[in-house]
């Protein structure tokens, strides 16, 4: 069986990240747990934007819902259930709530004559600003400060049992989550549903004329992506320890867009690598470069839009593809 | 009664400035098919241009007259280096200008620091309106906005340039087939649109706190305005800005700015969802 170039790059990246903790020190590895959560988030946006062609400029909403849901459950703040602290229930709540939120938003935006392209982008930005405002002004959600001292992952059924906060286990949990999510989403992309989504991206009118329920496809893609973003948010918050309104609004939505576009929106693995690379460089270089880092990031981003519209890792995968084609004659 | 008059005046002020910002955005979008996410940053640049010029010792009103041209110049450079390379890829213009917005914001952080600056309101006194004193400067801002909007309409509907520009909005390919230099038009359009944002920023500079993120708060309302009003016309965005600005400032005056933003964004999303062609173009079609 011939592997696709994206799979090949994914496997190389997986081997690299599996051995990485043996090469670098523990505290470097500790940062990667957070990067993997961001990468998972990037994968969710890449699926809905790169694969289905729906540009969501406010995707942090679903990441934030996941983060807040996990925090509320593990902090025992669920109304009427003060004894509930379970990580597992938190995880389920994060995924279910973000999926439902994305489905409702998707239904509102896409049902009947839905919003398209740039319109969708602008409206999703506005939605992100609204949700961020609501979070800031909600005393239940801790307002501006957010929810603090969110407990780490606990293996017991209700917040008891061993806690996982050592960097190495977190690192491998994150890597596993990411690898499984990418593999699963690649399977989804190759399924009948996924092929319909790709057709939707290429020519919506034609797909509709062929009798497909376009709105239903879009809503399903949006909900699936939202759920994945919620999972990313939940995994983020159990490491980071607090959920703040900045996780749910405009700025993180802008960040994830840059990671995905810079990495490459045509391949899930490229988007994930984009997120990890940008976050890694950011933490390394912002000490060194200080305030010039965002300036450089902005310039690199503009240059990549002009010269590598497929993204940096996307371009790499593309070149590899062409090279392999030639090599095989 | 007096309070109502003040509220209405302040509200007109907000509406007129939002109209200026939305007009620039709509012209760039309509003519060039570029979604300019950095439009708010051009407004922010207008504030800083005014700040720099007044700090250099220029009289306030001279600085106010020069600032939009500086911003238009920056817009021209951005068009030449970045925007023109993303034409015909609508969604890539979002990404490119998003990068530009990050770049401009951080550029100002490096030049002026992340903190906020203030420009003194020029000492033009206040007049009695409806029995209460009202600052003259705010009236001047309104006058500038109205004159600029009228001038823009004059250019678009009464000059040869405007005719060419409207032809490009209606059908770009056909216009270029008829010998209209679309490349030159694009350049002028982008500079003009950024200049309008720069003017709005410079005029508002004494009334707001100037910081690198000053433009962010304008971007979403301006986009919502042009979508609410409808694309493809010049009057649509003005109507949209009137709606968005009025609802925003009136709700802010009677409840709180936080609620105002929630109400206006939610209302705008509903309108855009229910009338995807905008309120103005819809009215036209039914007539």
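Using the three backbone atoms N, Cα and C, a Cβ is placed for every residue, glycine included.
When TrEMBL is compared with the stretches B:165-187, B:188-210, the one noted as transmembrane segment is B:188-210.
Counting only same-chain residues 6+ beyond the ends of the transmembrane segment (B:136-157), those with a CB under 8 A from a CB of the stretch are 9-10, 12-13, 16-17, 19-20, 23, 27, 121-122, 124-127, 165-166, 196, 199-200, 203-204, 206-207, 234, 238.
Against the transmembrane segment (B:90-112), the recorded stretches B:12-36, B:56-78, B:188-210, B:258-275 differ in Cβ pairs under 8 Å, and the greatest number is found for B:12-36. Comparing B:12-36, B:188-210, B:258-275 for CB pairs under 8 angstroms to the transmembrane segment (B:56-78), the maximum falls on B:188-210.
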